[in-house]
Amino acid sequence: CGIHSPASIVKCNTCSKWFCNSRGNTSGAHIVNHLVRSKHKIVSLHKDSPLGQTVLECYNCGTRNVFLLGFIPAKAESIVVLLCREPCLNMNSLKEMNWDLSQWLPLIEDRTFLPWLVKHPEERELIRARQISAQQINKMEELWKSGKLDATLEDLDKQELNDEVDPVLVRYEEAYHYQRIFGPLVKLEADYDKKTKESQKQEGITIRWDIGLNKKRIAYFKFNRRSESELRLVPGDELRLRYGG
């Protein structure tokens, strides 16, 4: 949206893009929208922000998942401590320290970062900012996911012109008329399915081959069940094993 005040922006450490803590025309801050849609979780503040160039992480275990992080005020000092909700908040050893664990609050509230951590942009900045819709944000995230990491809103405008299709009708003049309207829609859906499947991959997997009792080849391998992975397998799914050497 163009807002660039150091106190109001946050860097996504996974993709190195900067987002503001403003809602704009959406239900959540631009940074939170990005984190949710991209499944990224690690952020840092700007070096010129009031808190300096800080990667947000748990004081006790070093967890950097901002959706687990919160803060507690120390009882005797005017400081705050970042602590993750799980497991550190429930550890007995921490309950004996000089922290009031009952005062724990999340860093993200109502889909925005707390203003003492990342300031909300001033009114004059909001007036001058680009007005971005939730639909535009979704399409930008899809562009970045497809591998176009440097895509901008200008690229989005060009794509929308190229992707324009005719609306469906209740009645059609003939079979060719029906095919002319539905053909591009079917292709768009097929392209989307293809991109989705191609994005669901894991690399660096070790495979052990064997021959079964039925004389068919058997491949043994193990998936790393990462929490951020969108890959979900059920019996009957097709898989492709590819060797890149």
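Cβ atoms here come from the backbone N, Cα and C positions, even for glycine.
Curation plays no part in TrEMBL annotations; they are all automatic predictions.
Features reported for this protein in TrEMBL:
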type: DOMAIN; residues: 1-147; note: domain 'Upf1'
type: REGION; residues: 12-40; note: region 'CC/SHH/C'
type: REGION; residues: 58-88; note: region 'C4'
Long-range neighbours of the region 'CC/SHH/C' (12-40), counting only residues six or more past its ends (CB under 8 A): 1, 3-5, 46, 55, 64, 66-67, 108, 110-113, 115, 118-121, 125-126, 129, 131-134, 137-138, 141, 144-145, 149, 228, 230
Tertiary contacts of the region 'C4' (58-88) (same chain, 6+ residues out, Cβ under 8 Å): 13, 35, 41-43, 94, 98-101, 103-108
